[in-house]
Every structure is written in structure tokens, then in C-alpha cells.
Amino acid sequence: MLTAAQRVALLLVVLGVAPYTTLKVLWLAGSTVGLRSDSGVAELHSTRFVVGNVVTIALELAAVGLAVALTRPWGRRVPAGVVVLLAAGATGLLAPILLGLTVGSALQLAVTGSLRTDGMDNLSPWVFALVYGGFALLGLGLAVLGWQYVLARWAGVLSEAPRRPATWVTVVGGLGLLLFAAASVGWGVLGPGDSGPRGMEAISQRTVLVLSGLLALAGWVAPLLGRAAALRAHLAWILTWLGCTTAALQSVTHVLLAHQGAPTPQVVAISAVALPGSCLHGLAVLRQRVAEMASDNGSPVRARA
């Protein structure tokens, strides 16, 4: 039986997904709803945007499936690797929007009196509100469901703070996470310029860049704190998870969703380092904790369940 929190979280997921998916289906069917210019219509029907719309619809439906699985008894029998992969993708894509864009939009409105960003000339303002508001609701709903699921299935993993991985992992993971962190914060504070992700000049967008960089930094640092993190084990795990997934997914997003489909060489290079580095660091920390539990319990099977 669902708890009150799960019901509310599922409602948030539905409210986030339904309008967004409906809009994308309408666009694929040839509708021009929400478009303000002929150039916007032409771009919408380009191969790049058609493929992008199909992929994003599939991702939204996958998010709904994940939300349902997180609330059902059979969901706890889904292989751990599948859950981790889906949850990592959702976190890395949605957390910067939920946290960064919310704060950034408020900051931009206070400073400039407008929420205008690059690309709004072709779309009605309500489209941005629907899309990114939907992402925020989806992210919030999945965060609540995911946290309750993890506590129910893997409370033992989170009972102790993440530990420092092997030295070589710390170094290689640090190259990816710290490079991404430095670049993102730099682009956010100083502006993307000619090297960063194009079309992210607005305060709201630059806030997302800064937050993404800070999360990546926290994801690398948290397992290194040792005893300092032991008193806040859950927080240390959350920061590690947020940092690694954000660096992995946002670095790739900057390439795949580059302005006019043309990422800068610097963005591509950083993604090529950040993706494997963040994945290596996060998985090594997680596997180390699972191995510790297996050793304590004398049962590798139970540790992986």
C-alpha cells in the first residue's frame, strides 16, 4: 500500500510528464503549437529535432516506469544494476534543473526583471515554463520515491559514510570531476565565451553551470573526508551520488544538445574526460562499500541484493 508521500510523489511525476509528452507528440504529429516563427517551425521538423523529440518521449516514459517500480514490491527484485543505471540517468539530467534552474530563474528575475533565455525568440514563453517546470516536478517526485526506495532496500549501504577509493581511482576520478567542476564554474561565473556551451548566457543558465560544477566538486570530495563525513553518512552519500551523476550526464548533455548541434572542441574534450572519470569514481566508491558489507556478512549475494 502506498504511503501519502509516495502518492504525492507519483502525482508530481504525472504532472511533470503528461504536459511535456503531450506537447512533444503534437510536434511530431505536425502541430506548430507554441512556435512563434517560421524558422522555429523549420527547425522543429529537422531530423535532429525529430530524433530528439522521440528520444525525450522515451526517456519520459522510462521515468514513469522507474517511478512505478520504486513504489511496488516487485520493484525491489529488479537487478541493482538496472535501478542504479536508471536512477543515475534521471539524477544527472534532472538535479541541475531542479536545483540550479529554480534558483537561477529567481535570481535572473530579480536582477533583470525577465526570464528570457537564448532560443525564446522561436518559442512562446509558456513552452519553457511547461518544459522546465515539468522537469522540476519530475525530478522532485523521483527524488522522494528514490530516497524511500534506497532506504528500504539498501539502508545498510548508507549506514556508513562512503570511503576513499584506491589512490589511482581518486586521481583518475579527480581528473574528470575536477576538470568538469572547474570548467562549469568558470563558464557560469565568467560566461561560456568561445569555449563553453553556446547559448547559455542567461543568468538562469549560468547558475545551472555553477551548481553543476559545485556538485561535481562535492562528489569527489565527500568520500575523502573520512571521519568528518561519518557523522553525516547520508549527506555524504547524497553528495557523492549527485556529483558523479551530474558530471557524467551534464558533460554528455553539453555535447549532444549543443547550440545548433555544434559543440566547441573544449566541451567535447571535457566530456571525454568527465564521463569516464565520474563513472569510475562513483562506481568504485559504491563497490568498495558493497565489498565491505559482503566481508562483514560473509555473503556476497546478500551484499548485492
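Even glycines carry a Cβ here, placed using N, Cα and C.
Pulled from TrEMBL:
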TRANSMEM  7-29  transmembrane segment
TRANSMEM  49-70  transmembrane segment
TRANSMEM  82-106  transmembrane segment
TRANSMEM  126-147  transmembrane segment
TRANSMEM  168-190  transmembrane segment
TRANSMEM  202-223  transmembrane segment
TRANSMEM  235-256  transmembrane segment
TRANSMEM  268-286  transmembrane segment
Hey, would you say the transmembrane segment (168-190) packs against the transmembrane segment (126-147), going by three or more CB pairs under 8 A that are 6+ residues apart?
no
To the transmembrane segment (235-256), which of 126-147, 202-223, 268-286 is linked by the most Cβ pairs under 8 Å?
202-223
What stretch, picked from 49-70, 82-106, 268-286, has the most CB pairs under 8 A with the transmembrane segment (202-223)?
82-106
Are there residues at least six beyond either end of the transmembrane segment (82-106) with Cβ under 8 Å to its Cβ atoms? List them, or say none.
59, 62-63, 66, 69, 75, 115, 132, 135-136, 138-140, 142-143, 146, 149, 202-212, 215, 241-242, 244-250, 253, 282, 286
